[in-house]
Amino acid sequence: MSQLRARRSRYVLTAGPAWGPAAGRAAARAGAMAKLLSCVLGPRLYKIYRERDSERAPSGVPGTPTSVTTPSSSSWDTYYQPRALEKHADSILALASVFWSISYYSSPFAFFYLYRKGYLSLSKVVPFSHYAGTLLLLLAGVACLRGIGRWTNPQYRQFITILEAAHRNQSAENKRQLANYNFDFRSWPVDFHWEEPSSRKESRGGPSRRGVALLRPEPLHRGTADTLLNRVKKLPCQITSYLVAHTLGRRMLYPGSVYLLQKALMPVLLQGQARLVEECNGRRAKLLACDGNEIDTMFVDRRGTAEPQGQKLVICCEGNAGFYEVGCVSTPLEGRSLLPIPGRLGGVPFPQNEANAMDVVVQFAIHRLGFQPQDIIIYAWSIGGFTATWAAMSYPDISAVILDASFDDLVPLALKVMPDSWRGLVTRTVRQHLNLNNAEQLCRYQGPVLLLRRTKDEIVTTTVPEDIMSNRGNDLLLKLLQHRYPRVMAEEGLRVVRQWLEASSQLEEASIYSRWEVEEDWCLSVLRSYQAEHGPEFPWSVGEDMSADGRRQLALFLAQKHLHNFEATHCTPLPAPNFQMPWRL
């Protein structure tokens, strides 16, 4: 028995080293195959950022390091350099993606043409499906070749290793290393979830998965009984409105969500993002909204600088074809902390998705970045006024709202670009599915507001750019003042403010202002006395027992404090000196 045990021990001692290298080689092969599969399925890598100064690293962002050791710009190029196999395969796949996008948008016309020509019969569809299957197999082979090209590139292998580590464990070190790369945003790990704030988990006051609360439009025909017969009569119109909104309307309202436009602007967007990261030490983050949409943000922290304005956070809301990489972010950049967000906040851009996305952005600023609502300023350009006014309505403690080249309501602007015969359909579609009611939301906000009107605006005017009175920014101002100061904005005040709005230059404005002999000290004393006696909550009844001349003076004074002119077209970047804080009493 002892001899048998000795033999067994000798077998174990001699067999163990013999099997060890084989198992190691098998594990190495499995690891290599797993890495190759990750390269095949991995995201496209665009850029590797230069080394950043650790002393300028912002605080308050998840993953912010205390010491930074990023790849040196002398050893790695700023742009990722794919090897020949990956480069050519990627070009083929990108071209196929563009053709697929064009086919998708033209599919209704293509199906109609094929149906008229009789090509949709079973005998002709089956061979076509064979061709399509062969093409898909070829594209899959090209994707595998691209993966092999990535696998042979040490830069991509290192990137994919860091990305997988960040998905497994979102530690500060993993996030710090991942921040050195710019790649397809769909593969970026989620940094903030809409349910993350503990207050929302403990209470039921936050948004549900169906979305945050919006102001719903009133029925088109008030007082009509909602019987089954009326519902059946409305059904064809409702179906038509739904189809128009979810096909043509959504893409006309949010062209920034169209893949072809994003593809065309990609080089410019990469340059703008590199500027924010390398020069401003911006930190990218992905936020998950309650509807599942993923929001792309870039935080620039100035709280650690000597600038006193750095304690304030400016949330920049872009336009419908705006991208934060090249948009209005450059205007308030000097000395302020920034959180720019794109104009198409949600993956599926509808007003509900935009509001859901804006909600998670504000929650991220408060609960993750550490800003108080009183330290947050909302700055919006063009259609971004919808998300800005929603945030102001839903978070009334926000410090201030600045709306640049915005409007009061979408319906007049939609009617401007559509045929007159479609008036009923356009109005119904906008009200039910694309209702951007900026003025209604702004009137629910009690804080300081500044409107910037562009005197040569060609987008938010309902006639021609030269007709400044057709600028819907005028209506936004009038509705705000009429809500806050209804007695002042009576017949006399409304008339004189309209005259002031007709002025297209500073000289004309000053002429009207001096004609009515506006005494600013008197206006301030009247408003401060009323505020001290009745409190700051709007609407105010100031001007109720005032002469017509006094109401005119107050109306002009308030209009000048709430609206500033900027002589430019709609898409001209706002110069930094024109970015001013709203007036406070």
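Note: Cβ is positioned from N, Cα and C throughout, glycine not excepted.
As the structure is a computational prediction, the values presented were derived from the model and not from experiment.
According to TrEMBL:
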- 58-75: compositional bias 'Low complexity' (COMPBIAS)
- 35-184: domain 'Phosphatidylserine Lipase ABHD16 N-terminal' (DOMAIN)
- 366-435: domain 'AB hydrolase-1' (DOMAIN)
- 55-75: region 'Disordered' (REGION)
- 92-116: transmembrane segment (TRANSMEM)
- 128-148: transmembrane segment (TRANSMEM)
Legend entry - Within the domain 'Phosphatidylserine Lipase ABHD16 N-terminal' (35-184), residues counted as helix, strand or coil by DSSP: 96 helix, 8 strand, 46 coil
Legend entry - Surrounding residues of the transmembrane segment (92-116) on its own chain - C-beta under 8 Å, 6+ positions past either end: 139, 142-143, 146, 247, 251, 259-260, 263
Inset, instruction - Run through the domain 'AB hydrolase-1' (366-435) and tell me, per DSSP, how many residues are helix, strand and coil. - result: 41 helix, 11 strand, 18 coil
